[in-house]
Amino acid sequence: MDRTFVMVKPDGVQRGLVGEVITRFERRGFKLVALKLLWIDRGLAERHYEEHRGKPFFDELVRYITSGPVAAMVLEGREVVTTVREMMGATQPAKALPGTIRGTYGIDVGRNIVHGSDSAASAAREIGLFFADGELIEYERALDPWIYER
């Protein structure tokens, strides 16, 4: 089964949207296999956003993501990376489709509620940054046969 990393950013936590974000993904059928609330330090933020180092917005991005707690999670399911990206909506909330997380709750590109891995490789890297091996929980849900054909 595929896995992806999702993070409700400080604006989403402060606005009380963590439960709403999790609910949307669970109702879609994805399984939550790891979840933690944490305050990211500068070192972790810089490693997480390494691909943006040297860009004009890098320092502000790091400052923002370390400004308050985040909810980090790992979701599991078929085609979870691409489906989660679709459910989140465009990075710029003004361009996000209505009904997506960012289209419904996003305010500004710098305050867009949620982050999700953009590829399986990114998901593996980000999961490794935020979670130790023993923190991902393996379990069978009673409803899985109603979600997935075997």
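Every residue gets a Cβ built from N, Cα and C, even glycine.
The following features are taken from Swiss-Prot:
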ACT_SITE  His115  active site, pros-phosphohistidine intermediate
BINDING   Lys9, Phe57, Arg85, Thr91, Arg102, Asn112  ATP binding site
Between the two most distant Cα atoms of the ATP-binding residues Lys9, Phe57, Arg85, Thr91, Arg102, Asn112, the distance in Å is 22
Could you work out which of the recorded positions (Lys9, Arg85, Arg102, His115) has its C-beta surrounded by the smallest number of other C-beta atoms within 10 A? Arg85
C-beta crowding around Asn112 (ATP binding site), within 10 angstroms: 22
I need the CA-to-CA distance for Lys9 (ATP binding site) versus His115 (active site, pros-phosphohistidine intermediate), whole Å please. 7
